[in-house]
Amino acid sequence: MSEAEARPTNFIRQIIDEDLASGKHTTVHTRFPPEPNGYLHIGHAKSICLNFGIAQDYKGQCNLRFDDTNPVKEDIEYVESIKNDVEWLGFHWSGNVRYSSDYFDQLHAYAIELINKGLAYVDELTPEQIREYRGTLTQPGKNSPYRDRSVEENLALFEKMRTGGFEEGKACLRAKIDMASPFIVMRDPVLYRIKFAEHHQTGNKWCIYPMYDFTHCISDALEGITHSLCTLEFQDNRRLYDWVLDNITIPVHPRQYEFSRLNLEYTVMSKRKLNLLVTDKHVEGWDDPRMPTISGLRRRGYTAASIREFCKRIGVTKQDNTIEMASLESCIREDLNENAPRAMAVIDPVKLVIENYQGEGEMVTMPNHPNKPEMGSRQVPFSGEIWIDRADFREEANKQYKRLVLGKEVRLRNAYVIKAERVEKDAEGNITTIFCTYDADTLSKDPADGRKVKGVIHWVSAAHALPIEIRLYDRLFSVPNPGAADDFLSVINPESLVIKQGFAEPSLKDAVAGKAFQFEREGYFCLDSRHSTAEKPVFNRTVGLRDTWAKVGE
């Protein structure tokens, strides 16, 4: 398969192919322009993969530009987090990190150009009055009484804004377009507003800040962006994007193209709602493993490769749709099934004693991956007292139950065949110990007499067990579309986090955050980067071995 054939196909790439073939562009230059007022989520990952992926495939460039035009909501913490997320996903921006604030001087000059052309004016309506004058989708707006000020007066007032002569909310600069436009975004949009706030890049140099729609298009043009890619909610804004560039003296006029944003089941993407989850302590932070943030997914154990694969599979269209959570989980499950080493851990332990086992114990050899001999093997201690999972034993069971049953046999993974002989219970009737015998001639081989032992269960030697905390993470919400609920907080899944105390094989004491394991027969887990200690490792469940929610949706 050629390089071109291996590339994903979508309407944006078709446009790029046509632009290159026609000579309209000789290279491709994209950008990813997040606002540094929060943490990136899986929806941003789609945009990152699209913009950086296109630049990569077409041997072009992709800028990382922070849209830092609102100093009240932005912070250097978010800047560093976003840079880290982009790099973790496997992408690298062209040249230095850029900021919209790099262009504040040019933006100010372009605003003055619009004033000089009679295309912008200083308005002294209050924000409430501006909203009232703007009209509705069915009613046209009406002109501000300040709309027809002279060029000279507007220049003087804009300078007064710049030098701090107005209080916040007392004046703004607006484009003079058409208050009767069927598109509300074109009804004299605000270009500059006053904010007396220190900026994380420019300090206190400015007290007027440009709006996104004014900044975005000019920044694209100044950077030589060829294809400006936005989500569909900016479709109407394209008219303003083009209006600004058509009416200022700038040599380059990029084109904006819109694609559908990512909507994912069982979560919310709204920054406001995510912030509410954090501030009201429904989750422990932006990197809580239940959050759809990139930092949350990373802490849960998602790999960059699995997120890139997910973004590739869902594709790029103009059609809004909601992606099943199972699609994302399938990508990480496939990745980890292929690449994660195996280990044994018991999540709900019950003691099992092998009464006829002699000696202190022994080491058994286990492959790190059943299908990849190149991943090697490890030595796991075995002894006469082990932990097994409580769900792997029943006193009575039907033929479909392939685990340990009283009076019957089962194989211990990569070890011996055992037979359950009797149990010991506490005063409440709970089983505390299972007593067994073992066949000493069945270490990793079938019984010599040819009898069939069908079930296989995992185990951990009690004498060598590593105590661990296991965090069983699940979907944060109990309904597919929590955003549609009257109160999205009311549909939080009460079992989105279940904490268990269990035991693991001793090799897991060397586990490091960011490296996943398949806990055999349980699922995929990784060491938690926040709560783990040397004395008590904490493992997060990334995803189960199979989609347990499939039946829920049926």
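Including glycine, each Cβ sits where the backbone N, Cα and C put it.
Within the motif ''HIGH' region' (34-44), the DSSP-based counts of helix, strand and coil residues read 3 helix, 1 strand, 7 coil. The annotation motif ''HIGH' region' is assigned in Swiss-Prot to 34-44 on the grounds of sequence analysis.
What Swiss-Prot records for 35-37, 41-47, THR231, 261-262, 269-271 is ATP binding site.
Annotation comment: Swiss-Prot describes ASP67, TYR212 as L-glutamine binding site. TYR212 (L-glutamine binding site) counts 15 other C-beta atoms within 10 Å of its own C-beta, drawing on all protein chains shown.
Swiss-Prot lists 268-272 with the feature motif ''KMSKS' region'. Mean pLDDT, taken over the motif ''KMSKS' region' (268-272), works out to 94 on the 0 to 100 scale.
If you look up Swiss-Prot, you'll see 317-324 marked as region 'Interaction with tRNA', on the strength of sequence analysis.
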Can you give me the Cα-Cα distance between ASN37 (ATP binding site) and ASP67 (L-glutamine binding site) in Å, rounded to a whole number? 10
Distance, ASP67 (L-glutamine binding site) to THR231 (ATP binding site) (CA atoms, angstrom): 15
Where HIS44 (ATP binding site) and TYR212 (L-glutamine binding site) are concerned, what is their Cα separation in Å, rounded? 18
Cα-Cα, ILE42 (ATP binding site) versus TYR212 (L-glutamine binding site), nearest Å, comes out at 22
Listed in sequence order, residues with CB under 8 A of SER270 (ATP binding site) and six or more positions away: GLY483
Could you check which of the binding-site residues GLU35, LYS46, LEU262 is the closest Cα neighbour of TYR212 (L-glutamine binding site)? GLU35
What's the CA-CA gap between ASP67 (L-glutamine binding site) and GLU35 (ATP binding site) in angstrom, rounded? 5
